[in-house]
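Student: Okay, so Swiss-Prot annotates it like this:
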- R96, K100, H102, E122, D123, L124, I125, S126, T127, G128, G129, S130: 5-phospho-alpha-D-ribose 1-diphosphate binding site (BINDING)
- S126: orotate binding site (BINDING)
Amino acid sequence: MDLARQIAMELLDIQAVYLRPKQPFTWASGVKSPIYTDNRVTLSYPETRTLIENGFVKQIQEHFPNVDIIAGTATAGIPHGAIIADKMNLPFAYIRSKAKDHGVGNQIEGRVYSGQKMVIIEDLISTGGSVLEAVTAAQSQGIEVLGVVAIFTYQLAKAEQAFREANIPLVTLTDYNQLIKVAKVNGYITADQLVLLKKFKEDQMNWQS
């Protein structure tokens, strides 16, 4: 089994991902969704965590071999980023969603320098907005952001367009298409539910109709 399928299976097994097309979840945006993802759960499972961190290292070495600092997004990207930086013997920093309103007002915590080549770690890509704000924060300090690496993406068109417009490569360990295929093969969903899940990816507002 390749890495993308293996990680998709792990996410389903440990219930980091729930698929519920007939009883959709409500996202913070108000969107009714057949999927809910909480990749923080992966940190509680050592074997899953190791599989993910080794996957991150492999993808970074393959796609961004010139990296010289790892950053995590606050908060979900911090633990993964710190482990990866340790495995790769690289400096680590993390990026807040906004600058602190006290102290020295840092948005990036850790020692960073203009000219560094950074890879940013995220756990989940939905619209891509929050991690691309982290990219902008790093770039504003003269850092070259080589790309973003995440555990999982919903593969929404809005996110893919946002990364293209920002000219930032996105690499993920697994993705929505892979996950729903694995879910069907392993009996997590029925054929009818698979149809609904595919419709959601294409049209988040009208997939239930």
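The backbone N, Cα and C atoms fix where each Cβ goes, glycine too.
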Student: Pick out which of the binding-site residues R96, I125, T127 has the most other Cβ atoms within 10 Å of its own Cβ.
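Tutor: Of the binding-site residues R96, I125, T127, the most buried by Cβ count within 10 Å is I125.
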Student: Given the binding-site residues D123, S126, G129, which one's Cβ is surrounded by the fewest other Cβ atoms within 10 Å?
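Tutor: Ranked by other Cβ atoms within 10 Å, the binding-site residues D123, S126, G129 bottom out at G129.
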Student: Would you mind pulling the DSSP three-state label for the residue listed as 'orotate binding site'?
Tutor: coil
Student: What does the structure give for the C-alpha distance between R96 (5-phospho-alpha-D-ribose 1-diphosphate binding site) and the residue listed as 'orotate binding site'? Integer Å is fine.
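Tutor: Checking the Cα atoms of R96 (5-phospho-alpha-D-ribose 1-diphosphate binding site) and the residue listed as 'orotate binding site' gives a distance of 18 Å.
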Student: Secondary structure at R96 (5-phospho-alpha-D-ribose 1-diphosphate binding site) (DSSP, helix/strand/coil)?
Tutor: coil
